[in-house]
């Protein structure tokens with residue numbers, strides 16, 4: 001079984017360091033209604049500093065940013081708004097060289113014990129060893145839906161686009177506009193799915209060496225600090241929380257599924273680059289796979 005950090009563990013670990021000056025009002029505030037807005041994306045106007053202070057460096061009039069992890073702490077940002085459905089794109093260039101123990105994360109999350117979350121996490125590795133791209137989905141506080149991949153390129157040499165496309169029917173995770181994972185809404189058979197809690201968008205870089213690389217066996221080498229990841233070209237077409245409109249139909253009429261070309265690309269990724277899929281873990285689920293993993297409940301690619 002692959003070990004991934006839980007939401008609660010992640011929050012406790014980040015808050016426990018004195019460098020993480022969280023804006024708690026951000027984590028506690030919840031809007032009561034909704035309105036639709038299409039965002040071009042700007043790190044100055046659309047995000048707040050979550051932790052790390054000057055380790056968050058915004059450049060190019062808000063169109064690019066670097067996050068730094070040094071021997072004292074990491075850094076991160078959080079969106080000013082909460083979203084319920086939309087597509088979120090970010091170009092990311094990962095920490096080069098010996099990145100073992102580092103976690104670069106790009107994810108949506110609500111707050112609280114019954115939180116929802118859609119995760120993209122990049123787990124660093126020793127020089128010459130590949131990054132692990134980990135995905136997970138939480139709904140009503142239930143996670144454990146890990147699917148992990150190796151990438152078919154070096155994510156430290158240049159920027160690549162990572163996307164979360166979320167509507168009431170499905171979640172699609174994409175790399176350079178190639179779908180790598182689709183999770184369908186199967187609430188009709190009792191499977192939790194994020195449909196009712198607005199979520200904020202986070203980008204963070206931090207020390208996760210208790211678990212991130214080879215289940216925590218390989219620790220971060222702080223003699224290589226600072227570790228720096230680059231971000232640019234953030235874009236969101238999303239419904240954000242306000243008081244006057246409903247988001248329930250937002251993003252539902254477009255890209256509901258995958259066209260033939262996208263399915264072909266996804267089949268190729270799944271055949272070559274999957275490292276772990278909870279839906280194939282018969283040791284973990286010796287008494288039967290989760291309902292959403294059964295053949296009749298997954299996306300057909302043929």
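Any Cβ shown, glycine's included, is placed from N, Cα and C.
No curator has checked TrEMBL annotations; they are predicted automatically.
Listed in TrEMBL for this protein:
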- 20-40: transmembrane segment (TRANSMEM)
- 44-222: domain 'GH16' (DOMAIN)
- 117: active site, nucleophile (ACT_SITE)
- 121: active site, proton donor (ACT_SITE)
- 125: N-linked glycosylation site (CARBOHYD)
- 255-293: domain 'Xyloglucan endo-transglycosylase C-terminal' (DOMAIN)
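Sequence-distant contacts of the domain 'Xyloglucan endo-transglycosylase C-terminal' (255-293) (same chain, six or more residues past either end, CB-CB distance under 8 Å): 1-2, 87, 132, 144-152, 165, 167, 169-170, 172, 178-180, 182-184, 186, 189-191, 299, 301-302. Take the CB of residue 117 (active site, nucleophile) and look out to 10 A: across all protein chains shown you find 22 other CB atoms. The two recorded residues, the residue listed as 'N-linked glycosylation site' and the residue listed as 'active site, nucleophile', have Cα atoms 24 Å apart. Confidence across the domain 'Xyloglucan endo-transglycosylase C-terminal' (255-293), taken as the mean pLDDT and rounded to a whole number, stands at 92. For residue 121 (active site, proton donor), the Cβ neighbour count at a 10 Å cut-off comes to 22, with all displayed protein chains included. In the domain 'Xyloglucan endo-transglycosylase C-terminal' (255-293), helix, strand and coil residues by DSSP number 19 helix, 4 strand, 16 coil.
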